[in-house]
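Everything below concerns the one structure shown next.
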Amino acid sequence: MNFESRMDRSILAYKSQNDQKRLSNTPVLIIIAGATASGKSGLAIELAKRSQSIILSADSRQVYREFTIGTAKPTQRELNQVPHFLIDICEPTETLTVADYQERANGLIEKVGSRSTPHLFLVGGTGLYIKAIARGMKIPRVAPQLELRSQLETLGQKTLYAMLQQVDSAAAERIHANDQVRTLRALEVFYVTGRPISEQQGENPPNYPILQIGLESDQLEQRIAKRAGQMIEMGFVEEVERLCQKYGEDLPLLNTLGYAEMRQYLRGEISLQEAERLTVLHTRQFAKRQRTWFRAVPELEWFDADAGNLVDRVWDRIQVFLAEARSLPG
């Protein structure tokens, strides 16, 4: 079943079950953001079940098929409970730019609003994806430059990231040092246009109501360590081995968080225990960068991810927001 058909089927099914008053032909977006392992997905699923809504993923790695365990995609059981979109929409060998993501997400949001369906959730930890939607970022349209990328890839990620720091320090601050996909994209835009990508991103905010929820956890380090262990138990090593055999170790996605460390183990360079330790360490470093990014977003309303009544508290806030949105003129 194709992308549009899945969307139509989910919308119609949920619409038939829910006859509560809607904002007339106007989408309402609830954003749930925060660092990795902060509990965003679990919260969103519980809220979406209550409101019979859908979830749009805002994760730059979950868009790729076959990269499942290491990107913490929703389980099949969770997918059966709530329709998810913008997951598994690209082959690992393809490139999805922020502009591509923005176009797909905006198309879904517009379609939901046009059908008078429930509000929807945008959930993830990729700050640039969320910013692209919430603030309507104007993103430079630069087609993938395959020859340029091939030349750059031969330099290795460490050199590429150092190059990015020199030509676009603002972009380097928000891109993880191991994120070759986004590093290459930023360099690509710079070399094609002659201007840093960070200087080409204007804004055109959407005209529909948006509530932004942020999750903060004092137990984030423990959560990250627990997730790393669970990933290995779920077959993460086997997933990485299978992907390496199918696509080769030069695939940029295999140099991202978690996958890079497991590749070291599979090459016999480190033990599995060390691979897990490094995954935890690097994920904690990445989470720190995410927290810094999201803390700079003034629209985010923060909630304690460790609170026992988290779902009820966020649900109540959403109901207040929806009531306020309905009272707006027009």
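Even glycines carry a Cβ here, placed using N, Cα and C.
A quick note: this is a predicted structure, and the numbers were derived from the prediction, not measured.
Sequence annotations record features per position, and here TrEMBL assigns ATP binding site to Gly34, Ala35, Thr36, Ala37, Ser38, Gly39, Lys40, Ser41. Non-local neighbourhood of Gly34 (ATP binding site): Lys40, Gly125, Gly214, Leu215, Glu216, Ser217, Gln290, Arg291, Phe294, Ala305, each in the same chain, at least six residues away, with C-beta under 8 Å from its C-beta. Gly34 (ATP binding site) falls within a strand when secondary structure is assigned with DSSP.
Look at TrEMBL and you will find Thr36, Ala37, Ser38, Gly39, Lys40, Ser41 tagged as substrate binding site. Proximity of Thr36 (ATP binding site) to non-local residues of its own chain (separation of 6 or more, Cβ distance below 8 Å) is seen for Ala72, Gly125, Ile224, Thr283, Phe286, Ala287, Gln290, given in sequence order.
Residues annotated as region 'Interaction with substrate tRNA' in TrEMBL: 59-62. Listed by sequence, the residues of this chain that lie at least six past the ends of the region 'Interaction with substrate tRNA' (59-62) yet keep a Cβ under 8 A from its Cβ atoms are 70-73, 86-88, 96, 101, 124-126, 128-129, 181-182, 253, 256.
Within 10 Å of the C-beta of Thr126 (site 'Interaction with substrate tRNA') there are 21 other C-beta atoms, taking all protein chains into account. The site 'Interaction with substrate tRNA' annotation in TrEMBL covers Thr126 (among others).
Look at TrEMBL and you will find Arg149 (among others) tagged as site 'Interaction with substrate tRNA'. Cβ neighbour count for Arg149 (site 'Interaction with substrate tRNA') (all protein chains, 10 Å cutoff from its Cβ): 16.
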**Study point:** Candidate with the highest Cβ count within 10 Å, taken from the binding-site residues Ala35, Ala37
**Key:** Ala35
Review point. Looking at Cβ-Cβ distances, which residues of the chain lie under 8 angstroms from Gly39 (ATP binding site) while being 6 or more apart from it?
Key: Leu215, Ser217, Arg223, Ala305, Leu310
Check your understanding: Can you tell me the mean pLDDT for the region 'Interaction with substrate tRNA' (59-62)?
Key -> 97
Review point. Hey, how far is Ser41 (ATP binding site) from Thr126 (site 'Interaction with substrate tRNA'), Cα to Cα, in Å?
Key: 13
